[in-house]
Amino acid sequence: HTGERPYRCEECGKSFRHRSTLTIHHRVHSGERPYKCPECHKSFKNSSELVRHGRIHTSERPYDCSQCGRRFGDTSQLVRHWRIHTGEHNHPNPTCGKSFSNRPRLTNHRLVHTGEKDYHCPDCGRGFNRRSNLLVHQRSHLEQKPFICLDCPKSFTCSNQLIQHRQIHSEEK
């Protein structure tokens, strides 16, 4: 472990320890996403992203909080959650002083002050502050429900709806 990074990207100059990591990195520039989810057909640049994504459909949550027992699909979600217990909120909003546990939550909160809705539905014109919210909304027009419950015939337009629904089945057991 010398820290040597002999594999260099010709496009951006970033260096890597392993050739395989450089190969995956090249996909950032090429846009190639060869790993496709068989459930919803979303594509990913490496297999680990596909595996992590797959947990949305299966509701698998292998990482649990030692403090409260809540379970998560990946370690980054667990780390974010852990901040609830530690009280760590080191991302303050200069406009109102409210503080957040991570930058994406702060960024999302700022839209409350600006009211910006840059993403508009081409079918009905409804505006959204996030692209992901627009994409979920568009599924309602197409009647796409790729998130399927394994315990009953219900399906949902977004993963949060499935996760909320699955609590019904966990209470039944």
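Backbone N, Cα and C atoms are what each Cβ position is placed from, and that goes for glycine too.
TrEMBL labels come from automatic prediction, so no person has curated them.
Over in TrEMBL, the protein carries these features:
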type   : residues : note
DOMAIN : 7-34     : domain 'C2H2-type'
DOMAIN : 35-62    : domain 'C2H2-type'
DOMAIN : 63-90    : domain 'C2H2-type'
DOMAIN : 91-118   : domain 'C2H2-type'
DOMAIN : 119-146  : domain 'C2H2-type'
DOMAIN : 147-173  : domain 'C2H2-type'
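Long-range Cβ contacts of the domain 'C2H2-type' (119-146) within its own chain (Cβ-Cβ under 8 Å, at least 6 residues beyond either end) map to 39-40, 57, 108, 111, 155-158. Residue counts of the domain 'C2H2-type' (63-90) by helix, strand and coil are 12 helix, 4 strand, 12 coil (DSSP-based). For the domain 'C2H2-type' (91-118), same-chain residues at least 6 beyond its ends with a Cβ under 8 Å from one of its own Cβ atoms are 80, 83-84, 127-130. Counted with DSSP, the domain 'C2H2-type' (7-34) comes out as 12 helix, 4 strand, 12 coil.
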